[in-house]
Amino acid sequence: MAEPATVEIAPQATENNLEKVQKLAGRPPWGLRWRSSYWFTTFTVGLGIATDLLVYTIIIPVMPFHLQTLGYSRVSALSGWLLFAYSAGLVLSTIPIAVFSESYSMRRTPLIIGLVILLGSQVMLMEAPIYAVMCIARVLQGVGSSMVWVVGLALLCDVTPEVLIGRQLGIAMGGLSAGTLIGPPVGGALYSHFGYRGPFVFGMASTFLDLIARLLLIERKDALKWGVDPKKANNGATEETHDSERVTIQPSQSADGLQETKNENNDVSEHSKHFDSLQAAETSLSEKPQQKPASLLIVIVRLAKSSRALIAFIITFVYGVVFTSQEPSLPLHLQNVWGLDAGKVGLIFLAAVVPTLFSAPITGWYADKKGSEWVTFICLLLALPWWVVVIIRGPLALFTVAFAVETFFTSGVISPLTAELAAIARELEGVGYAHVYGAFNIAYGIGSAVGPIIGGQVYDNVKHGWTALCLLAAGMLAGSLVLAFYYTGADPLARRLARSLKREK
């Protein structure tokens, strides 16, 4: 007579552990896997960046006319100070946001608070009766926008596998180009057809859609509680088959007996696996030792001692200056040389913005493959000659193509720079993603604040102002090229070249 089947159950599947699983488990959130995945996070952060740029740019063609309607003079200067107020709010709020996010390991809540502030600031600006209230609204708008640039990028790095960070950051940065592309033409069209409130209603509707995405988002630390790690390639906790989870039977055992044994063990096995997944989540959390975030002063000192971090911030500052310095001068240059009106100037801007939709994802992907040092150097090198070509007063087609190529390569440095900062955050003890992206936000905010002032002053007060402005930008980019060659990346190109020459000798 055949002996009964022997069933060996893993220690985790004991009755006490089953009760522990049930207490820990509860009911998982709806759509846990896709709501915590790095692809949904990339979409949400990209949408947030696009919304930020749309809200920022949609009023650019509107405010001068509205200020005239309110009876103000010198509206060009007043519009410039409104742009400056936005940058001031962005810069001033960055440090407290970064410190708060890292100190409390919190991402989703600040993102939601930022959108609420952004919505309120749009209502305030839409209904502002005087210029002073407009300035306050723009400062608040900068505060709301800084959330996505600091906390959003940090959240994306939290959930994305390290080998894919450059690509995902590049895709999210596509939102910058999308918002810039949509904002001005939509703002002008809505203002023409529906009046001053039209662009703001559109901006608030876009912000509301962004809010829905942020509300659906689930942070990695919350997903890990359910055994789901979005940072894993399979977007789930590792489930292993334990040797002790096996059923041993004699060959003579009947099929009915085997099925009965399996059924009895089925629930136990499932609970055991879920318990294992919870343990895997805890292990994943402890892959990198959890350290108390460093104080703000220590973070500043550590970033200041890192040549990689300093050079990344300097190049970010240069990017902000050279791009925004063209904004007040380009329309006047196109009008003086080719006699273009506002509508045709807008088309030239579109020709420059469209290529940037592709440059950020491409350079982010390439940074993952070859390293940020290569793609940063290549983009700066290929951008340089086109800043000189746009000086030529030849056919308009030549200027348009040169301007588009210049913008493509110059904007391509942002994705590898953000990937570089993510790598720096992983290396420096006590420094988190929100810290480095906070510093990135400050560098870009200061650059974008002083850029228009430099551009306007140089164009108005220097003979051949456009030529001087383009050569100044080319010089700053050339300096950035040298710095990137010596300091960008874990293994900078200068160090590689030195090793190669040493081997040849």
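For all residues, glycine too, the Cβ spot is worked out from N, Cα and C.
Annotated features in TrEMBL:
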- 247-256: compositional bias 'Polar residues' (COMPBIAS)
- 259-273: compositional bias 'Basic and acidic residues' (COMPBIAS)
- 41-491: domain 'Major facilitator superfamily (MFS) profile' (DOMAIN)
- 229-273: region 'Disordered' (REGION)
- 37-60: transmembrane segment (TRANSMEM)
- 80-100: transmembrane segment (TRANSMEM)
- 112-133: transmembrane segment (TRANSMEM)
- 139-157: transmembrane segment (TRANSMEM)
- 169-194: transmembrane segment (TRANSMEM)
- 200-217: transmembrane segment (TRANSMEM)
- 309-325: transmembrane segment (TRANSMEM)
- 345-367: transmembrane segment (TRANSMEM)
- 374-392: transmembrane segment (TRANSMEM)
- 398-419: transmembrane segment (TRANSMEM)
- 431-454: transmembrane segment (TRANSMEM)
- 466-487: transmembrane segment (TRANSMEM)
Long-range Cβ neighbours of the transmembrane segment (431-454) (under 8 Å; 6 or more residues past either end) | 80, 83-84, 87-88, 90-91, 94-95, 97-99, 101-102, 142, 146, 149-151, 153-154, 157-158, 293-294, 299, 302-303, 309, 312-314, 316-325, 327-328, 417-418, 421-422, 424-425, 472
Short question: which residues 6 or more past the ends of the transmembrane segment (37-60) have a Cβ under 8 Å from it?
-> 79, 83, 86, 111, 115, 118, 122, 125, 141, 145, 148-149, 152-153, 155-156, 159-161, 164, 168, 171-176, 178-180, 182-184, 186-187, 199-200, 202-203, 206-207, 209-210, 213-214, 216-217, 230-231, 235
Within the same chain, the residues 6 or more beyond the ends of the transmembrane segment (398-419) and with Cβ under 8 Å of it are 153, 165-166, 169-170, 173, 176-177, 312, 315-316, 319, 322-323, 338, 348, 351-356, 358-364, 366-368, 372, 375-376, 379-380, 382-383, 386-387, 389-390, 392, 437, 440, 477
What residues in the same chain, six or more past the boundaries of the transmembrane segment (466-487), come closer than 8 Å to it by Cβ-Cβ distance?
-> 307-308, 310-311, 314-315, 318, 321-322, 325-326, 329, 333, 373, 376-377, 380-381, 383-384, 387-388, 390-391, 410, 454-455, 458-459, 493-494
Using a Cβ distance cut-off of under 8 Å, indicate which of 112-133, 139-157, 200-217, 345-367, 374-392 has the most pairs with the transmembrane segment (169-194).
-> 345-367
Take a look at 112-133, 139-157, 200-217 and tell me which one has the most Cβ pairs under 8 Å to the transmembrane segment (80-100).
-> 139-157
Among 112-133, 139-157, 200-217, 309-325, 374-392, which stretch has the highest count of C-beta pairs below 8 Å with the transmembrane segment (345-367)?
-> 374-392
Quick one: do the transmembrane segment (200-217) and the transmembrane segment (112-133) have at least 3 Cβ pairs under 8 Å, skipping pairs fewer than 6 apart in sequence?
-> yes
The transmembrane segment (374-392): which same-chain residues, six or more beyond its ends, come within Cβ distance under 8 Å?
-> 315, 322, 359, 363, 366-367, 398-399, 402-403, 405-406, 409-410, 412-413, 415-417, 420, 466-467, 470-471, 473-474, 477-478, 480-481, 484-485, 488-489, 493
